[in-house]
Protein chains: 4
Amino acid sequence: MAESIDVRSRSAGDMREACGVFGCVSSGQSPGDLDVAHVITLGLTALQHRGQESVGMVTSNGKSPSQFFVHKAMGLVSHVVHEEHLAALRKGNLGIGHTRYATSGHSDLLNCQPFVVETIVGCIAVAHNGELVNAAKLRQKVLRHGVGLSTSSDSELITQLLALTPPEEEADGPNWVARIRNLMVKSLAAYSLLILHQDTIYAVRDPFGNRPLCIGKLHATASLHGQGVVDVKTEGWVVSSESCSFQSIGARFERELFPGEIVQITSTGYISLDVVPRPNDAPPAFCIFEYVYFARPDTIFEGQMVYTVRKRCGRQLALEWPVEADVVSTVPESATPAALGYAHQAGLPYVEVLCKNRYVGRTFIQPDKRHRQLSVAKKFGVLRDNFAGKRIVLVDDSIVRGTTISPIIRLLREAGAQEVHIRVASPPSPFPLLHGH
Amino acid sequence: MAESIDVRSRSAGDMREACGVFGCVSSGQSPGDLDVAHVITLGLTALQHRGQESVGMVTSNGKSPSQFFVHKAMGLVSHVVHEEHLAALRKGNLGIGHTRYATSGHSDLLNCQPFVVETIVGCIAVAHNGELVNAAKLRQKVLRHGVGLSTSSDSELITQLLALTPPEEEADGPNWVARIRNLMVKSLAAYSLLILHQDTIYAVRDPFGNRPLCIGKLHATASLHGQGVVDVKTEGWVVSSESCSFQSIGARFERELFPGEIVQITSTGYISLDVVPRPNDAPPAFCIFEYVYFARPDTIFEGQMVYTVRKRCGRQLALEWPVEADVVSTVPESATPAALGYAHQAGLPYVEVLCKNRYVGRTFIQPDKRHRQLSVAKKFGVLRDNFAGKRIVLVDDSIVRGTTISPIIRLLREAGAQEVHIRVASPPSPFPLLHGH
Amino acid sequence: MAESIDVRSRSAGDMREACGVFGCVSSGQSPGDLDVAHVITLGLTALQHRGQESVGMVTSNGKSPSQFFVHKAMGLVSHVVHEEHLAALRKGNLGIGHTRYATSGHSDLLNCQPFVVETIVGCIAVAHNGELVNAAKLRQKVLRHGVGLSTSSDSELITQLLALTPPEEEADGPNWVARIRNLMVKSLAAYSLLILHQDTIYAVRDPFGNRPLCIGKLHATASLHGQGVVDVKTEGWVVSSESCSFQSIGARFERELFPGEIVQITSTGYISLDVVPRPNDAPPAFCIFEYVYFARPDTIFEGQMVYTVRKRCGRQLALEWPVEADVVSTVPESATPAALGYAHQAGLPYVEVLCKNRYVGRTFIQPDKRHRQLSVAKKFGVLRDNFAGKRIVLVDDSIVRGTTISPIIRLLREAGAQEVHIRVASPPSPFPLLHGH
Amino acid sequence: MAESIDVRSRSAGDMREACGVFGCVSSGQSPGDLDVAHVITLGLTALQHRGQESVGMVTSNGKSPSQFFVHKAMGLVSHVVHEEHLAALRKGNLGIGHTRYATSGHSDLLNCQPFVVETIVGCIAVAHNGELVNAAKLRQKVLRHGVGLSTSSDSELITQLLALTPPEEEADGPNWVARIRNLMVKSLAAYSLLILHQDTIYAVRDPFGNRPLCIGKLHATASLHGQGVVDVKTEGWVVSSESCSFQSIGARFERELFPGEIVQITSTGYISLDVVPRPNDAPPAFCIFEYVYFARPDTIFEGQMVYTVRKRCGRQLALEWPVEADVVSTVPESATPAALGYAHQAGLPYVEVLCKNRYVGRTFIQPDKRHRQLSVAKKFGVLRDNFAGKRIVLVDDSIVRGTTISPIIRLLREAGAQEVHIRVASPPSPFPLLHGH
């Protein structure tokens, strides 16, 4: 049922999961104060580019013990979240959600997040983006403790690790911070987590800050005597993988979490509970692919708009790898900012040479008899007039999809391009990819 | 999607789950020797009366570590198990399956058995019929150990209890018998279990023998010189909630498990590993509702055909509760054997007074404006000619459906019955229903 | 998705379609006076045994020109007609419905009745049971007129024949009676029809009376001073393939249509418009299979309850074909009345020897390796205790399912029956099967 | 199930249907010579932008009388056309297909093209793009002839008009050209048609040439001694709404049909049968929205690439409506060529100011409590860095979506744009929109 995914996503498939997490807490105490279920739905829609396989949402009524309301389904938010599901979820006044990236194999509801478990200190729901670098070792640890694991996913492993009682710190009652710290110390990367418990969302970023996570504020507004819009009331708090999701719900960006930070979000606001350090003053390691592929261009990471970073890479590319050419173009569409940056820096005109068919879907039929060129021609139409007889600089965003680029070159050549020069925009990774994303 | 359930099933809904379990082990070592997936499909079809909500099947290739093949779906075997699913399951040469009874609430795939978990001593799949009497207490025990539980089902509880390492007995390697014994001692009733591990099925009946379980043998046959059919080879072994499933796969009934017995079934046959005793020489407590409702009439329990027991109840009823009447009839159709027994004993003619509409399904539309009588008239047609002007003895199988019987009486009276005498066939329970089924 | 059909239906599959038609007109003028959509739903549920493949309903708001509301779906009424569909259909205060029998090939929504067409004299919806004996010839006639036909079904042919203008009789405006008479003269058998037009249902039975059709009255009731229930108001009128459907909606049986009769039903009641005669005083030819298979036993045809006719056939069979035996039994379950009749006449005890698995469904997997006997053993369990060592008279309802009966005999013999004598209850057809049903 | 449609499509929804038609004939006589079903699947995939609601394909074995193979389904080609469907369709060696645009109301399989009907001169399948300007009048004509119409669609009307026998020209046998000419004279605009009959596809463009249609050739290729690719054999012929579909199947563009032309395509090639003239030398009237919205930018109409026409409109716009500004941008993404053209002509830098969320889907939840701005913010993210403090010329492709443009302006202003100047690229329509598209 999933939609025809663009090339960017597909190439990212060669890496591990992207996924998006989103949470919302109403500042009011009664369910009607803020339509939390609707806000989460909008938030996940804005994070849909991070995962189109499945969607899951859990809300809590915030009581002790709390009641959880769950909806999970395979597919896009706009296809599988309906009014009837929201009606049930609206009984909660805080909640978390997740969109999952399509990875091969385990494409079923069993693996759909958030994972909900009852533990000896209450029910929690957990949504995460990323993965545990030392999952195999932790898995053995959990199994040795006598726990049975029913999936191969990190999500289940994380919930079971959170369920294992920390030895000392719970003498005086449940201590989720201790449990979370415990997990973070056991696995230093590479994940962002949302944990829902009663009236609280715990937002967690791994000590290396590998995956993004940021906080926003929902505020009712009013227009005062023609003097524009002003804040009149804080309606609630949101937490999201990407700031791009704040626009569509009318939330204001507050700040990103620090690497290793544990933030507690309740109806009264958010506070930083702890920051788990990296060993030996190791530098943070934000995932470079977030800039190159995963993130939506209007998202802000480390104070910079992703689009601007991509454009700057294009400029730098023009400086480092100039070439005699007539036009600059892009492999649509994640490479477009870089191509525009390259064109600007090189003083060459930017043109479009390829148009994309968004409806291609999975190539279920193998093109046996007709030449292999066709599978690329199915995906891209050639805008001949824009480049016939010209020398093209074609900017792509990474070398991951090397298998695709050579038939594209052939396509352009056969359509009359005089020369095709490939330029790849992703900067050399500043840190080795220790963290397996 | 579920089927239009007959009244018997619906009344049983007032009690807890029935469910059916079925297992099969090929005596050959290669997958082609016996189509285990097909045998399990047929076996579950024959147990479909015990549960129509969902079906699940797991096969194992028998290796160490073994590979499991799983298919689970909501609905009837004949609707949701297709050739494509069998193709995958056929890679196994032993396996277990489960049909689940529709209970309110948790009607989703998450609760569909068999449950598969990885434990520190390997992967297991578990299918059970029944429930743990002390589930709440055991649940706390598991949670206290630091395990997170993601459903409220006994199935998950059982798998996690099996996963918890027994303290001493595994010094020399995995000891599933010790683990199973451990579980049985912790919970004495009321369940039958199948546990699939590598090349073995462990079949377990609780110490009180509350739920049924029996073993059969699959044998290839040949016709010899017109001298009839003879056994030429044992093809495999089967284990099932009810012996009625053996007929449709051409298996021969071997024996029922004893209360408390643990039987190990492999390609070489079955052996009894242990019998866990009841405390203080308490008597066994076979579930009376198995005789009254759950079982198919051709099934054999404790050496007696269920149909015959039901008929005998009818005879006894005629002796204990005679009445002046003209005809004896049944509320179709589980009460029919008792009605025939009553008629025979009382020397009265047996006639049919009601015919049943099998397509009624759930009464989703409330009969607001028309009188309530209609919901029964939707389910049963009246065979007027057979009873007009007569005094009817109407035999029903239990008083559970008390809400239904009075509109039936009114229906018959309005159609011309002179008198309607209700007789209920279920014998007074010989043991208090301690075991919660 | 359809349910596991009983043997009766399946054997009938060797013949052509059964199908059920049902119509309802409210005596009130406003939609709220009678829930016509609900009544039709209940009526079709009671006719479900005549066809399980698809269901269709069309209601009209009765205006001129009228608005039609349509719901059609594949599957059982209880599965595919939901509250949301009724909400739309409730805008009409009269309507017709259809349940369709599963025939091979054209199993799709395109063939689902009622067929709705716009004609030069207004919109009509048509539902029929049966078929046109001279369909091929009529088809050519319609095609020659320049009409394109998009299915091979008689339903489309009938609607197009009704749309063709009769030459003279419509000088003064639409004349549906003339159009219907025109159709009936063109095709004398074998069908019953319901035609919905504006505020009227035309109910039609072919001149040979081959297929059944009867009329009922819906009446609100009240209890007066303990003197029982009395009629207080006529709420509406219903028309149905079988009277069994009247019970479940609280309607009173009025009468069957005569062969060749055209009855007009409106909010004010029903009147007979015409009776089209048979040529040369040919006798009527009611379909014998309606008695043997198709009809529900509580239905009344020609003043007799179907069950009673079946029982009488059993008695006659005992007189004409007696045999030395110990017990009489049935192939469940349409043969049961005949078996009880046989047993009574022969003075032998009636017992059950087979119990049926209602969940068998279509045998999608061919039993390659195991003996063919199994496919019958899948469908029927053997009640051994009731016949071991005895001579059985086994009554079946027709020889159509000859392919099934021999493995049943073998099943019973292998289980210990001393002798098995087959008796077939369907009387020799009094007329050759000219009419193709 | 349909996909989240982009803004371009949605605005087009304010007009009538786009739809795409595609046909293919193998030059070989046996099914294996060319995988016609696969070619049609690829062709329809490339036309998916013209309609995402449903897809239909019909192939013919070319015999007399011929056998037709049909697959129709709701949804995208890549979702609902599977290998199993192709297997059946492959029995044909020519065929036609259709993708349907989502219009309100009649979204079901009944309206899914191609329409297949049997007529007195054989079976035909018809797929069309466009509509009959005088449909209401023609509808009355057909009804008056005694034909019943079961949908309100032009497709059924066209098939019935083709089925009505032309008075004289068929003395010597079927004359499809006369029938088609008959239809064209009755309705002069606005449609393109494909008609499949036995071994022939008739391709038809209305006399005003309102909708596009073009022909291509499939040719096997070989590489000769490093001298590049040469034609070795004609494999078949294709006909399509847009030339963009030829690239993905490796077909070569031959030519567009002339307005009013009837072309016959068989295994031996294509020939022009007739050109039906316009009355009084009226000029042709190609649909301007094909250039503005409907067509894929790489398609060629009237010898010009659609992209180039759009870009030229942008240049012209800059000449006619210049403005003092800092940057030029687009409402993604159909307006991008015009924006690039404007930027080039005006000598201003082109930047992106909005990024689009492709997963938005239908806004099923009304944004009651949060300001209406959000529904636009859901669809578009703001690329602030690219325009903060600047004066933007924002090029859109038409004024149809006037409801959307004002919240976009507000969005940009609130994000820091100093000025926002809207420029609409669609040229004033050179002909009044007589033809109702």
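Just so you know, the numbers here start at 1 and follow the chain as drawn.
The backbone N, Cα and C atoms fix where each Cβ goes, and this holds for glycine too.
According to TrEMBL:
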type: ACT_SITE; residues: A:C19; note: active site, nucleophile
type: BINDING; residues: A:S334, A:D396, A:D397; note: Mg(2+) binding site
type: DOMAIN; residues: A:19-268; note: domain 'Glutamine amidotransferase type-2'
- After the CB under 8 A filter against chain D, the remaining recorded positions out of A:C19, A:S334, A:D396, A:D397 are none
- Using DSSP, would you call A:D396 (Mg(2+) binding site) helix, strand or coil? strand
- Task: Name the secondary structure element type, per DSSP in three states, that contains A:C19 (active site, nucleophile).
- Result: coil
- Expressed in Å to no decimal places, the gap between the Cα atoms of A:S334 (Mg(2+) binding site) and the residue listed as 'active site, nucleophile' is 18
- Message: For a quick check of packing: other C-beta atoms within 10 Å of the C-beta of A:S334 (Mg(2+) binding site), how many?
- Response: 25
- Message: I'm trying to understand the geometry here, so how far is the Cα atom of the residue listed as 'active site, nucleophile' from the Cα atom of A:D396 (Mg(2+) binding site), in Å to the nearest whole number?
- Response: 23
- Integer average pLDDT (0 to 100) for the domain 'Glutamine amidotransferase type-2' (A:19-268): 90
- Note on the structure: So A:D397 (Mg(2+) binding site), by the Cβ count within 10 Å over all chains shown, scores 28
